[in-house]
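Visitor: First the structure, which I've put down as structure tokens, then a few questions once you've had a look.
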Amino acid sequence: MWILNVLYIGGWFAIAFAKVPWLLDLGRLSLGSVSGITGFLMPLYIAEITPKDLRGRISAIVPLMVCWGLSFIYLVGSFVNWRTLALIATIPGLLQLPLLYFVPESPRWLAKVGREKEVEDVLLCLRGEKVDISEEATEIKDYTESLRSVSKGSTLDVFQRTYARPLLIMAGLMALQSLGGIGAFAFYSGAIIQSAGISSLIGLITLAAVQTLLGLLGVMLLDKAGRRPLLLVSFAGLCFGSFLTGLSFFLKDFNWWDDGTPILALIGLLMYMGSSVLGAGIPWLLIAEVFPVNVKGSAGSICNLINNVFAWVISYYFNFLIQWSSAGVFFIFSAFCAANYILVAKFIPETKGKKLEEIQESVTHSLQ
């Protein structure tokens, strides 16, 4: 977190004070690296420090915060130039820098690297001085010790037969999520709104409001309804929202229902983006929950790489695809979302209300 925070601040300063193009590229590279790593690091850290009855709820706050941050930047960006906007973007990093002094290390990571004496101190810091953490500390230490007996601690351990199928399922989940167009919708939502003939300011304000409401709903329901039901609802919404957006452009291309197509496009966009906030953080949470600490870093990095590679492909080629067929590209996104729905329905287990060690032991046995 220290390293990423420094790269984050440095990246925005490089953009704000750039006098030559390569400095802009360097700033973007730095910020892209931070974004890519943080996307997995935050859910992993939250899953490892939170108790089982709060893990989903707190993890669901992450995409909600991202939604608010993006909405704020969209709003401020309408009134200031890009250099000023880059300087404003450094403020969260500068505020977080001193606060990192108070952020404890993950107790499960401490157990993994042999710093058992610090595990109980960190758990007391996280749970409260009056809470009995002896049972939780013992479970963490015993489970980590049992992993050492079957693992060499190598990066390649993730490719063992024990973890092969969970890795394939989670990697497929991340790939299909990116191929479902979540990056294209996020980066080009303003352009989609304008293409549909809607005022960009009205569309973006409405979008932020819908995302906030559904994000809060996800925070309240994730530990009650469970990961799997919310993920299914999310992917169904993504599928239908993308289909409606494609349908609106299809009707617009043929000049059918001219009065209704902008409304249909807005409904599709709101449904898609709202559904994405509802379930966007769940795949990352599942990765943090399913894999044990000895392979979690490797497995998460592989899934993160796959997610970002496909997200880059979709974001880069979206402009070309929408020129090829403005309706067809959204129908393709809808098909990928439908495929992800089937993957979740068939292979993803429920993990709510279980300790991480309990989840990992049951999943690695049941998915072999």
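Including glycine, each Cβ sits where the backbone N, Cα and C put it.
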Visitor: Choose the correct range: of 1-19, 58-76, which one does TrEMBL annotate as transmembrane segment? Give that range.
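Guide: Within the set 1-19, 58-76, TrEMBL attaches transmembrane segment to 58-76.
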Visitor: Should the transmembrane segment (28-46) and the transmembrane segment (82-103) be scored as in contact, given a threshold of at least 3 Cβ pairs under 8 Å and pairs 6 or more apart?
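Guide: Since fewer than 3 Cβ pairs under 8 Å link them, the transmembrane segment (28-46) and the transmembrane segment (82-103) do not come into contact.
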Visitor: Among 58-76, 167-188, 200-222, point out the range having the most Cβ pairs under 8 angstroms from the transmembrane segment (324-345).
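Guide: Maximum Cβ contact count belongs to 167-188.
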Visitor: Is it the case that the transmembrane segment (299-318) and the transmembrane segment (167-188) have 3 or more CB pairs under 8 Å, with pairs at least 6 apart in sequence?
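Guide: Between the transmembrane segment (167-188) and the transmembrane segment (299-318), which are separate recorded stretches, there is contact, as judged by 3 or more close Cβ pairs.
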Visitor: Taking 167-188, 200-222, 229-251, 263-287 as candidates, which has the most Cβ pairs under 8 Å with the transmembrane segment (58-76)?
Guide: 200-222
Visitor: Of the stretches 167-188, 229-251, 263-287, which racks up the most C-beta pairs under 8 Å with the transmembrane segment (200-222)?
Guide: 263-287
